[in-house]
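J.: Before anything else, here's the structure in question.
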Amino acid sequence: MRVVLLGPPGAGKGTQAEKLSEKLGIPQISTGDLFRKNIGDGTPLGLEAKRYLDAGDLVPAELTNRLVEDRIDQPDAAEGFILDGYPRSVEQAGALKDMLAARNTKLDAVLEFQVSEDELLTRLKGRGRADDTDEVIRNRMKVYREETEPLLEYYRDDLKTVNAVGALDEVFARALSALGQ
């Protein structure tokens, strides 16, 4: 099963991706983890990404796409994967579609974890990070909405919404149900 998880910061995507990965026996692929691993391992893609990050620049989408493509070609992802934090734009969604088509496959589902802005504020402020002020959090939500609304339209035929409010196990059960599990 090949799944994309969408949702605002604090919606619980990472937590649910871990649980789904364990239950379904497929890897969770997070772009943040990919960057850290490739940089730590000193891979050519990691070194290229590090040059941008060290200069304080955003890593170009094309490089992120190459990292994801390299990761989905690993043996443990042959039967599927859960993408957490990718794609972030319609352009990346198109690149992912092309990657999968080149491998004679496609996405099975796109889950959007939905949480109210008030709930997200409560969750994110509860993490205790110094930079999680109301203003910063609201800006991150605004950026997420601006980036993601076009993605929701792009994936409208495959999109399933998951109410991400409630106990972890309740949300997990809803996610599994949305995947037909």
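Keep in mind that glycine also has a Cβ here, set from the backbone N, Cα and C atoms.
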J.: For the ATP site that Swiss-Prot assigns to GLY10, ALA11, GLY12, LYS13, GLY14, THR15, ARG127, which of the candidates GLY56, GLY94, GLY166 is also assigned?
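T.: My reading of Swiss-Prot gives GLY166 as the candidate in that site.
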J.: According to Swiss-Prot, which listed range is region 'LID': 70-76, 126-132?
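T.: That would be 126-132, per the region 'LID' entry in Swiss-Prot.
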J.: Counting only residues 6 or more past its boundaries, what in the same chain has a CB within less than 8 Å of a CB in the region 'NMP' (30-59)?
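T.: Residues packing against the region 'NMP' (30-59) from afar: 14, 17, 66-68, 70-71, 84-86.
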J.: At 10 angstroms around each C-beta, which of the binding-site residues LYS13, ARG88, ARG127 has the fewest other C-beta atoms nearby?
T.: ARG127
J.: Mind tallying the region 'NMP' (30-59) by DSSP state, helix then strand then coil?
T.: 22 helix, 1 strand, 7 coil
J.: Suppose we draw a 10 Å sphere around the Cβ of TYR86 (AMP binding site). How many other Cβ atoms does it contain, all chains included?
T.: 24
J.: Say you check the Cα of TYR86 (AMP binding site) against those of the binding-site residues ALA11, GLY12, GLY14, THR15, ARG127; which is nearest?
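T.: Closest by Cα: GLY14.
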J.: For the binding-site residues listed here (GLY14, GLY166), which one has the lowest count of neighbouring CB atoms within 10 Å of its own CB?
T.: GLY166
